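Taken from TrEMBL, the feature compositional bias 'Acidic residues' applies to 49-59. As annotated by TrEMBL, domain 'Yip1' applies to 101-273. As annotated by TrEMBL, region 'Disordered' applies to 36-60. TrEMBL lists 120-141, 161-185, 197-222, 228-250, 257-281 with the feature transmembrane segment.
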Amino acid sequence: ITCLVMYLFAEFDDAANLLAANPDATTISIDEPVEIPKNQHSRLQEPGREEDDELLGTDDSDKTELLAGQKKSAPFWTFEYYQTFFDVDTYQVLDRIKGSVFPVPGKNFVRLYVRSNPDLYGPFWICATLVFTIAVSGNLSNFFIHLGKPTYHYVPEFRKVSIAATTIYAYAWLVPLALWGFLMWRNSKVMNIVSYSFLEIVCVYGYSLFIYIPTAILWIIPQKVVRWVLVVFSLCLSGSVLVMTFWPAVRDDNRRIAVATVAAILLLHALLAVGCLAYFFDAPELDFPAPVIPAHNGTTVVTKSH
């Protein structure tokens, strides 16, 4: 034991002498973990790969999905489960509205605004506002067109509210449901198809309808040329949001299927706008035959009615 102790002290003395001769020498401890430079992983990633990983739901997006799943782990029949769908602030809603009105070419709406926290607050109130805007603007447009005619009597058409609500909410929910089912089906056929959740698709469609709110107000102008110019302008803005969002989801599929899918999305979007304009604002005026009222002196009096 005495020899072992003397040997250890001799080793310590040699180490002390080495450190005294070279104070900058580096020592290694077996208890300290070896650190890997943080930028080593970033060098291995190819440029432009981060966006693809985000769209494909890999790497960091997987962590986001897992965290989202943990945050929404409450049972679906509880209030807390649905409360998470409305957990957004004013700045997030405004950013998503601006993103839908001023789309950036080549940028994905889901990746930029929605994927971190998809919500139903914005789509619900955008659709509700659009329903009342179209119904009220349609009544005002009808009133201004017939203003000054002695035979016209203004009667509010409250049924337009229910018709507009049925049309808009059916479009904002059924079309995303059909698109989500189609993408899930194609995802089982083609591995590179991007997977969007149903909530993300509903969020995109809801915010894309915001541009029609000011457009419906301007539809009060009784000029068909102005109305159709507004329709085309609104379709270009909102349609570009849908195309730039869903084209990356189908571009790796069969070319005909991808083009047909995007064309169907644009066609349904155009049918909604044109249908609302034609029904609520450009409805044909009904002319009824003028009744003939016999007079007491043997002559007839013709009255004009609309």
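We count from 1, first residue shown onward.
From the backbone N, Cα and C atoms, a Cβ is placed for every residue, glycine too.
On a predicted model such as this, the values are computed, not experimentally measured, just so you know.
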Counting Cβ pairs closer than 8 Å to the transmembrane segment (228-250), the top stretch among 120-141, 161-185, 197-222, 257-281 is 257-281
Rounded mean pLDDT for the residues that make up the domain 'Yip1' (101-273): 89
